[in-house]
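Annotated in TrEMBL:
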- His77, Glu98, His115: Fe cation binding site (BINDING)
- Cys83, Cys86, Cys123, Cys126: Zn(2+) binding site (BINDING)
Amino acid sequence: MAQRNTWQRERVRDALADARGFVSAQTLHAELRQANTGIGLATVYRALAGLAAAGDADSLQSPEGEALYRACTTQGHHHHLICRSCGLTVEIEAKDVEQWAKRTANLHGFRDAEHVVDIFGLCAACANRLDAERNTERDAAATGGTGK
Ligand SMILES: [Zn+2]
Ligand SMILES: [Zn+2]
Ligand SMILES: [Zn+2]
């Protein structure tokens, strides 16, 4: 019985591997629908949750509270820097965070503590592009103001 949906899960895994950065189940589902796979949204959700549970995918909450997934290239525990504009993701180690999390949990008598720490921001390319756009707007406003 479990075998029946294996190809669907593999298909979701492939789509996830092709995706750039973190994506939502909806985004993946839309892509799979374009490819005419006939895989339903509920199946995509289940497959993603399964991949995340098996450690084959990273999952995290976007600042908007949406669950996002990504096929991970780093094994084991790690953190992410994520561009909120283009989705570029950098996998990072955070030794300071590991020590701080352990110390803080111990301090409060917590055991088996886990943590999720991901940094959202603008990558250098997006920051430069936004700066350039802003400058263009400012120039346009300036010439608009003095021109007439
Ligand atoms: Zn990762
Ligand atoms: Zn970016
Ligand atoms: Zn950590």
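Positions of Cβ are set from backbone N, Cα and C atoms, glycine also.
All TrEMBL annotations are machine predictions without curation.
Less than 6 Å separates the Cβ from ligand 2 in the case of Cys83, Cys86, Cys123, Cys126, drawn from the binding-site residues Cys83, Cys86, Glu98, His115, Cys123, Cys126 in sequence order. Nearest in space to His115 (Fe cation binding site), taking C-alpha to C-alpha distance over the binding-site residues Cys83, Cys86, Cys123, Cys126, is Cys83.
Cys86 (Zn(2+) binding site) sits 24 Å from His77 (Fe cation binding site), taking the C-alpha atoms as the reference points. Cα spacing between His77 (Fe cation binding site) and Cys83 (Zn(2+) binding site): 20 Å, rounded to the nearest whole number. The Zn(2+) site is defined by Cys83, Cys86, Cys123, Cys126, and by the 8 Å test on Cβ atoms against their centroid, the other residues of the chain that qualify are Arg84, Ser85, Gly87, Leu88, Leu122, Ala124, Ala125, Ala127.
Each of His79, Ala94, Val97, Ala101, Glu114, Val117 belongs to the same chain as His77, Glu98, His115, is absent from that list, and has a C-beta within 8 angstroms of the C-beta centroid marking the Fe cation site. A distance of 23 Å separates the Cα atom of Glu98 (Fe cation binding site) from that of Cys83 (Zn(2+) binding site). Taking a Cβ distance under 6 Å to any atom of ligand 3 as the criterion, the binding-site residues Cys83, Cys86, Glu98, Cys123, Cys126 reduce to Glu98.
Proximity of Cys126 (Zn(2+) binding site) to non-local residues of its own chain (separation of 6 or more, Cβ distance below 8 Å) is seen for Cys83, Ser85, Cys86, Leu88, given in sequence order. Taking Cβ-Cβ distances under 8 Å and a sequence separation of 6 or more, the neighbours of Cys123 (Zn(2+) binding site) in its chain are Cys83, Ser85, Cys86, Leu88.
In the structure as shown, the Cβ atom of His77 (Fe cation binding site) sits within 10 Å of 12 other Cβ atoms.
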